[in-house]
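According to Swiss-Prot:
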- His396: active site, proton donor (ACT_SITE)
- His71, His73, His158, Asp179: Zn(2+) 1 binding site (BINDING)
- Asp75, His76, Asp179, His418: Zn(2+) 2 binding site (BINDING)
- Lys462: SUMO cross-link (CROSSLNK)
- Lys465: SUMO cross-link (CROSSLNK)
- Lys545: SUMO cross-link (CROSSLNK)
- Ser2: N-acetylserine (MOD_RES)
- Ser659: phosphoserine (MOD_RES)
- Thr681: phosphothreonine (MOD_RES)
Amino acid sequence: MSAIPAEESDQLLIRPLGAGQEVGRSCIILEFKGRKIMLDCGIHPGLEGMDALPYIDLIDPAEIDLLLISHFHLDHCGALPWFLQKTSFKGRTFMTHATKAIYRWLLSDYVKVSNISADDMLYTETDLEESMDKIETINFHEVKEVAGIKFWCYHAGHVLGAAMFMIEIAGVKLLYTGDFSRQEDRHLMAAEIPNIKPDILIIESTYGTHIHEKREEREARFCNTVHDIVNRGGRGLIPVFALGRAQELLLILDEYWQNHPELHDIPIYYASSLAKKCMAVYQTYVNAMNDKIRKQININNPFVFKHISNLKSMDHFDDIGPSVVMASPGMMQSGLSRELFESWCTDKRNGVIIAGYCVEGTLAKHIMSEPEEITTMSGQKLPLKMSVDYISFSAHTDYQQTSEFIRALKPPHVILVHGEQNEMARLKAALIREYEDNDEVHIEVHNPRNTEAVTLNFRGEKLAKVMGFLADKKPEQGQRVSGILVKRNFNYHILSPCDLSNYTDLAMSTVKQTQAIPYTGPFNLLYYQLQKLTGDVEELEIQEKPALKVFKNITVIQEPGMVVLEWLANPSNDMYADTVTTVILEVQSNPKIRKGAVQKVSKKLEMHVYSKRLEIMLQDIFGEDCVSVKDGSILSVTVDGKTANINLETRTVECEEGSEDDESLREMVELAAQRLYEALTPVH
């Protein structure tokens with residue numbers, strides 16, 4: 001049994017190459033109807049070089065039609081320059097405008113602060129720059145189509161420009177949330193709930209079954225912790241990524257400092273080589289933020305801070321007395337946040353506040369277990385005496401938000417990604433419990449490991465739209481409509497051949513077939529043999545040469561020493577032409593047919609003889625009173641009030657008005673007339 005072509009298969013396949021039972025290197029492959037889509041292309045923050053990549057070697061990048069990036073965090077877009085510049089990928093790449101603007105600077109910073117050799121670097125600043133030309137942008141709610149894949153995006157909250165993508169292939173809809181948050185904060189709106197129900201939901205599970213504390217409580221705890229650190233004369237370190245949660249925390253701190261004059265002498269630094277560029281981007285894209293920010297921008301730009309200074313590097317930092325420094329990167333693997341941590345960790349007055357999610361294998365995750373000492377980047381051991389607090393401002397959904405989101409959409413299939421193995425397992429169990437007694441909603445929950453595929457079957461109805469000339473008249477029940485079936489991507493249309501050029505790139509062509517066959521016998525012998533075969537033979541003259549029209553579509557022309565067949569090529573005409581050819585070859589090659597040939601002596605039968613005999617014959621069949629002659633060339637037969645008229649010249653029979661439905665009378669009279677004509681035709 002031959003394999004079903006990918007385009008016709010009902011199998012939909014989802015395979016995580018990253019973020020399968022882990023957080024980091026998000027990269028999900030979707031395959032359906034011969035199309036392949038990559039959702040995100042990130043790196044693992046806890047790994048380096050090629051080890052940080054998703055399992056790209058399991059796919060052929062050249063087969064990917066479309067790549068969609070949900071937001072600018074490294075674990076979602078960090079491998080993109082490598083994928084665009086160092087692989088055979090030739091598809092199209094999309095992200096939102098804000099994501100593209102920030103991606104450029106965030107990855108530039110990643111290249112600069114990565115603490116690995118040039119040989120191990122995945123890509124250079126040049127690769128990053130060149131990748132920008134290959135990235136296209138999409139507006140929220142704007143519908144685009146690539147290779148028959150329709151897609152559009154919704155606000156996801158989480159960070160500026162973050163998007164959830166709705167993808168539609170052959171009528172099957174899939175929603176990929178990326179990272180999302182259903183809670184509005186100081187500058188971002190909550191993730192939207194799409195008004196279209198997806199068949200499949202690929203959703204993050206970062207926090208599993210945890211419930212976040214209330215925003216007000218969390219902000220108060222954060223501000224109080226910072227206040228306590230500077231009150232005791234310490235330095236407060238808040239490791240963050242240059243963009244994202246950093247802007248939320250800056251808004252909180254700036255407002256808190258404004259309301260506490262006693263803190264005005266204590267500096268707050270935003271320490272990132274990207275500080276200025278990042279803030280310029282945030283000041284540009286206020287329209288992608290929530291209503292509160294959009295209203296405030298008319299009075300003043302909330303991202304022009306009064307109590308916060310930018311700090312480009314340690315060279316510009318005067319480390320005297322208490323201060324608060326927000327430094328990147330967020331997991332302290334390298335860069336400014338790592339330098340400051342190593343120089344401050346031995347003083348118990350100092351404190352570090354981990355404000356976001358931390359991946360396994362990073363320093364930030366390690367110090368949350370409060371070890372007695374840490375290892376510096378140079379390999380030295382240092383005692384850890386500074387306070388360590390974890391106050392999560394990570395804009396990911398908690399169980400309550402995730403559960404409500406799923407309840408609103410009711411997708412038949414939920415695929416969990418972007419979550420540590422145990423958290424994901426707990427979330428899966430909780431979701432299954434939630435719906436196990438619900439007879440109305442049936443939801444299957446999947447949590448695939450990296451490289452493990454989830455296979456689903458979607459058998460959609462194939463509907464064909466009738467368009468153009470064929471659609472001009474409303475069809476009646478039972479009417480047969482025939483045309484050309486045109487498939488474009490996953491849409492079917494039935495068109496008249498004359499409409500092909502209007503609705504498609506196709507043009508209607510006709511092929512005229514001409515075939516010459518050697519023939520030396522009498523031409524009227526051919527007429528006789530073909531008449532015996534079909535009865536549908538018409539005698540013609542074409543350019544003063546004898547000719548026959550057989551089956552209404554095949555022309556046979558007599559030429560010296562041969563006959564020429566002409567017809568318009570199509571399956572039925574080709575079959576008729578083969579039949580006529582067989583008769584000609586048989587007559588030409590079989591002497592017996594020629595010897596016993598019965599030739600027509602007269603092309604025309606005496607009309608008055610035929611008329612009289614036919615009248616007698618029909619009177620015998622139907623009765624004397626039923627048959628009458630009209631104006632010499634037409635005989636009428638009337639039976640039970642139904643009348644059929646015979647044209648003696650053409651031997652065609654037509655029923656009079658009111659008798660049209662009596663097909664059996666017409667056929668009987670026509671058959672009698674034809675048989676009598678053939679019997680009376682003079683032969684010798």
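The backbone N, Cα and C atoms fix where each Cβ goes, and this holds for glycine too.
Since this is a predicted model, take the numbers as computed values, not measurements.
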CB contacts for Asp179 (Zn(2+) 1 binding site) [other CB atoms within 10 A, all chains]: 28
Neighbours of His418 (Zn(2+) 2 binding site) among the recorded positions His73, Asp179, Lys465 (Cα to Cα, within 10 Å): Asp179
Entries of His73, Asp75, His76, Thr681 which, being recorded positions, have CA atoms within 10 angstroms of His396 (active site, proton donor): none
Separation of alpha carbons, Lys465 (SUMO cross-link) and His71 (Zn(2+) 1 binding site) (Å): 38
Alpha-carbon distance [Thr681 (phosphothreonine); His158 (Zn(2+) 1 binding site)] in Å: 94
Among His73, Asp179, Lys462, Thr681, which are recorded as recorded positions, the nearest neighbour of Lys545 (SUMO cross-link) by Cα: Thr681
Candidate recorded positions Asp179, Lys462, Lys465, Thr681, pick with smallest Cα gap to Asp75 (Zn(2+) 2 binding site): Asp179
Where Lys545 (SUMO cross-link) falls in three-state DSSP terms: strand
Which of His396, Lys545, Thr681, the listed recorded positions, has fewest other Cβ atoms within 10 Å: Lys545
Proximal but sequence-remote residues of the same chain as Lys465 (SUMO cross-link) (Cβ under 8 Å, at least 6 apart): Asn491, Tyr492, His493, Ile494
Fewest other C-beta atoms within 10 angstroms, as judged across His71, Lys462, which are the recorded positions: Lys462
Inter-residue Cα distance where the pair is His73 (Zn(2+) 1 binding site) and the residue listed as 'phosphothreonine', in Å: 94
